[in-house]
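I have placed the structure first, in the form of structure tokens, so that the comments after it can refer back to it.
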Amino acid sequence: MSFRVVRSSKFRHVYGQALKREQCYDNIRVSKSSWDSTFCAVNPKFLAIIVESAGGGAFIVLPHNKVGRIAADHALVGGHKGPVLDIAWCPHNDNVIASGSEDCVVKVWQIPDGGLTRTITEPVVDLVYHQRRVGLVLWHPSALNVLLTAGSDNLIVIWNVGTGEVLVRIECHPDTIYSACWNWDGSQLVTTCKDKKIRILNPRSGELLTEAIAHEGSKATRAIFLRHGLIFTTGFNRSSERQYSLRAPDALGDPIVMVDLDTSNGVMFPLYDPDTNLIYLCGKGDSVIRYFEVTPEQPFVHYINQFQTPDSQRAIGMMPKRGCDVSTCELARFYRLNNSGLCQVISMIVPRKSELFQEDLYPDTLADEASISAEDWISGSDADPQLVSLKGGYVSQSQSTQLTVTKKSNVLDKMPPRGPKGSPVGGAAASTTPSATSNGSASASNGTSQSNAPVSTATNAASQPPEPIVISGVSEQALTDLRTKFEDEFRKLKAIIVKHENRIRSLEATVKAMADRGLTEPDAPLLNTSTPSPTIVGANQSVSNAHDDQHGDGGGHYTSTNLAPDEV
């Protein structure tokens, strides 16, 4: 007699439950772009969806309590000049979202509490560097204000949003970048590319650590870092069948698991829950959401179940764990959009009879506080993300802060002024110019409590009034006199230039008029000029006292009597 042993798992009976239509969002014109993106981003405050928009690109931002039918003229975030391709909420500030577009620009937006009351077109900061469309935006999991962008120019750019500057430029990809993902502490980066390779990179130096062929198919692939270091990928084989695989970073070319799923042609997006090690596979055009559990036992990736819907999905977003309802044992919540404009809300629930807090289902999860600053991260420091308990429901410990950008001064502003002989005034110890802020911003705090903000230095510096420029060794009166002297010299030089310009124009007009007179009527008056015209003589004549032979008409016009009509 043989016995079939059923694997023991607390997630074996997870099921999906769709909310009623009146609890969902309807009449949303989801984007028709062919770019492989989820087109949707969710956090505990807002739902953001890329929508169709005339005259540029836009996305809609809805508070979670604004359910039902959405008005056609609802306020949008619409500052892009081309279609928006990807959006991502900042993990450390629920009011900040980044967007990438076909106009090659990445914009970072501040969404007010309560949602939008009017369409906004002015971002907090524009990040301009890419030469082609930007199809991927991704925030760092633990460092404040660090944003990764990737475009069709085959570049990965890592930004410090707090200063609006580029930290790292990575250009080791020969073709379009399909996906990128940070590892748990943000010290490594995994990417997939159109050349079918998967790469692990050092994000600070751009150094390629290892690479291998991911999937043999030519369609788009995706890769994510799991919490304990393994890499999960989705893609296609040579027969265009969809696959998923599990790999170790030190043996990328030798998958631990490689499984064929089906023959659908939609790109699969792996959505990962690091608290439970559950992976949800959602394909564009699919009508199912499959979910798997990753464990240390064979076969390592265990199929659990799937949630079936009658219509295909166009876009999908996953709520962070701190936005789930722990009282109903909700493990995940998906916002699924179909082509009819309905955004369906789906809860993944573990059936439990007890109404107490289930500690085995809800270990400490990602908080909305950063662990380190952007400056510390780029200098070489790594830190795991901050964690928080969900017991009793999640309550944000950070205040709603305004994302502000303190841009660094131009390098030319740091050059000391030159003295009369070209030597620096006051020596090389001249002080630098205060930094300029963008859009009237006053600090670089973002998503953390004011007492523990990692970039509090930038916050204090920008909130104080700018200090006056002081140059050692030169008095303010001396600088004023020097400026007055230069202004006088420039004024005199300008007057001389204008005087000579007028004289040149006068002579040109006179020469033209005399040439016309010589070809037409001999006694035709010349143009009005301030300078008497020279006398034109025949081929056998000489010039003698041209001014005595000219007769003025009193109005500035001059005629010549030296030539007879038959001598012209």
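Cβ coordinates are placed from backbone N, Cα and C, and glycine is handled just like the others.
Positions annotated as domain 'DUF1899' by TrEMBL: 4-68.
TrEMBL lists 77-119 (among others) with the feature repeat 'WD'. The repeat 'WD' (77-119) scores a mean pLDDT of 94 in the predicted structure.
Under DSSP, the residues of the repeat 'WD' (127-169) split into helix, strand and coil as follows: 0 helix, 25 strand, 18 coil. The feature repeat 'WD' is assigned by TrEMBL to 127-169 (among others).
Per TrEMBL, compositional bias 'Polar residues' is recorded for 399-409 (among others).
The region 'Disordered' annotation in TrEMBL covers 399-468 (among others).
Summarising the annotation, TrEMBL assigns compositional bias 'Low complexity' to 426-453.
Taken from TrEMBL, the feature compositional bias 'Polar residues' applies to 454-463 (among others).
If you look up TrEMBL, you'll see 483-517 marked as coiled coil.
The region 'Disordered' annotation in TrEMBL covers 520-568 (among others).
The compositional bias 'Polar residues' annotation in TrEMBL covers 527-545 (among others).
Per TrEMBL, the feature compositional bias 'Polar residues' maps to 558-568 (among others).
Cβ atoms under 8 Å from those of the repeat 'WD' (77-119) belong to residues 31, 33, 35, 37, 39-46, 48, 50, 53, 56-63, 66, 125-128, 130-139, 141, 144, 147, 149, 151, 159, 161, 320, 366, 368-370, 385, 396, 398, 400-403, 405, 446-448 of the same chain, restricted to positions at least 6 beyond its ends. Proximity of distant same-chain residues to the repeat 'WD' (127-169), defined by a Cβ-Cβ separation under 8 Å and at least 6 residues beyond the stretch ends, is recorded for 35, 37, 82, 85-92, 98-108, 175-177, 179-182, 184-186, 189, 191, 201, 203-206, 366, 370-378, 382-386, 403, 405-408, 438, 444, 446-448, 453-455, 458. Residue counts for the domain 'DUF1899' (4-68) under DSSP (helix as H, G, I; strand as E, B; rest coil) come to 3 helix, 24 strand, 38 coil. Residue counts of the repeat 'WD' (77-119) by helix, strand and coil are 0 helix, 22 strand, 21 coil (DSSP-based).
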